[in-house]
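The structure appears right after this line, and notes come after that.
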Amino acid sequence: MKIAAFDIGGTALKMGVVLPHGEIILTKSAEISGSDGDQILAEMKVFLAENTDVTGIAVSAPGYVNPKTGLITMGGAIRRFDNFNLKEWLEAETGLPVAIENDANCALLAEKWLGKGQDLDDFLCLTIGTGIGGGIFSNGELVRGGRFRAGEFGYMFSERPGAFRPGKYTLNETTTMLVLRRQYAELTGRPLEEITGEEIFANYDAHDAVSERLITEFYTGICTGLYNLIYLFDPTHIFIGGGITSRPTFIAELKHHMESFGLRDTIIETATHKNQAGLLGAVYHFLQEENRHE
């Protein structure tokens, strides 16, 4: 059996062919406009036409995803996917069985299948990028919620909200790499597109005052979110993914800031699979669905 896997991101569509034991034998990536759903569908069709020997399709998609029906009620930045049944569309196009799951849940499933969560019953995955997302594994089960919105950690308040625009005070608006870059651009008067997270952290290492202030606020925001999550779900482990985790000292710096919150007994580590987590988690979900229907 070969499974075609798709991981729909904000700037890229990752594609792969994966074997049932988790070996990725082919990968491909296409740059996309995160809001262009039709382009994403077209890229999927091209990849499937190039790989006609696959016997199933697994999809990791953003937004609120009903994995049973395949309906995406809200597709995040991809407005084309609002109230769109991607599972039915792919099945009609190919005649193949299709399984679809939320992208953050796929990252968690990859950790459960082939990562550090294999023997765990209570853990969280947190992804830090242009936004903050996550997945919840509690009492031995993936938690999706009544409307498939569980794990939207970025919508937690990071500070007391204002009356007129409460969303301004969420983690998504205060504690992401995009926000960090915007803040640095404002304080230095430089164009946002010139600034990278790597540059800000390099300046932090060089004891640049602006970078030190912003990075300290960044870590404090993450710790605030982790504090809330730990007391909500009591996980034994939290695994963090996203580009920030490529920084060798990230976990050590995060734990240093966590000390002031009095949290020491939850194990916090980087996630295992980096950019392949979405593909692997989607395939694991596909295999679970196939076994359930047998």
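Cβ atoms here come from the backbone N, Cα and C positions, even for glycine.
The shown structure was predicted, so the numbers you read here are calculated from the model rather than taken from an experiment.
As written in Swiss-Prot, here are the features:
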- ALA5, PHE6, ASP7, ILE8, GLY9, GLY10, THR11: ATP binding site (BINDING)
For the binding-site residues GLY9, GLY10, which one has its C-beta crowded by the most other C-beta atoms within 10 angstroms?
GLY9
PHE6 (ATP binding site) has how many other Cβ neighbours within 10 Å of its own Cβ?
25
